[in-house]
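Notes for the one structure printed next.
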Amino acid sequence: MTDNSKIRVVVGMSGGVDSSVTALLLKEQGYDVIGVFMKNWDDTDEFGVCTATEDYKDVAAVADQIGIPYYSVNFEKEYWDRVFEYFLAEYRAGRTPNPDVMCNKEIKFKAFLGYAMTLGADYVATGHYAQVKRDENGTVHMLRGADNGKDQTYFLSQLSQEQLQKTLFPLGHLQKSEVREIAERAGLATAKKKDSTGICFIGEKNFKQFLSQYLPAQKGRMMTIDGRDMGEHAGLMYYTIGQRGGLGIGGQHGGDNQPWFVVGKDLSQNILYVGQGFYHEALMSNSLDASVIHFTREMPEEFTFECTAKFRYRQPDSQVTVHVRGDKAEVVFAEPQRAITPGQAVVFYDGKECLGGGMIDMAYKNGQPCQYI
């Protein structure tokens, strides 16, 4: 039996059930485990309760239960500078960012990893649903989590080989239901705590209200592609490509009863374009350009390959051909895709392996840019 007692693993503990079970499993496997709670946002809910304080209490309770030391570290400045400023800049540019991808890259697996090293860590571990597998050459491959509905490799797609070399994902081979069962069997304080949703580290806020605190909204016209005025929009930043709800136009306009969707944005004229039908022609594209292209293991500077890709979380994979040129790529779809959204991540897969990805800049239909920014 392997003796893990001399291997120190620092676990990022959020106060949720996933990271609690992560720490428990590592402790049971004999590792030298330390729990660390990251405070990344100065957060008070509508009742005046600082949710981070409540979460830290849960971390402390679980750490005491399983018998590990625990600490709290403050990354509010790093989060603001590296994630939140990016988040706001993307919205200013009319895009729809994915802060969770950047949060993993810059906070959980950079700032936190650096802090863990000061504690003498050999590895860090988190409660993400993903797997790491080392090949005979020592290269680490990141694989999808066994629970297809919970797989989080999409959000981990910007991690480097160096980061993956130092990372463990103890939940990767488990189903979410099994994780809950483990927590309940062990009587963990977080066993019945509901999963958090919402923006990475910001939680379940009213998004429109939250965003308006930082970016002034500029109302403008809502138009169809052929120029019909459909009323007023509340501010381009509040809408994303393919969005159905919140338009306030129902079925009263147009000759049929199909629902209305956001099909494009014109940032320079502050126009929101809408159209009827889930598969409205303006929503369909057959290629995209992406930047910040990054692979989880070493790849050539310029090459072309076929793989599958996701353009948003929880969507089925689509077959694509990727033409890589440095940190940029053209991604050509085997079948037309709906609502490709600038600012979101495109993530590449080879079977179970997540190869990496990039950020979507523009979608194209037959070589012509879609009216998305």
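Cβ atoms here come from the backbone N, Cα and C positions, even for glycine.
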* **Matching residue for the ATP site, where Swiss-Prot names G12, M13, S14, G15, G16, V17, D18, S19, M38 - out of G120, G127, G138, G145** => G127
* To do: State the Cα to Cα distance, in Å, between H128 (site 'Interaction with tRNA') and D18 (ATP binding site), rounded to an integer.
  => 8
* Structure fact -> The correct three-state DSSP answer for Q344 (site 'Interaction with tRNA') is coil
* Round to a whole number and give the Cα-to-Cα distance in Å for the pair M38 (ATP binding site) and C103 (active site, nucleophile). => 12
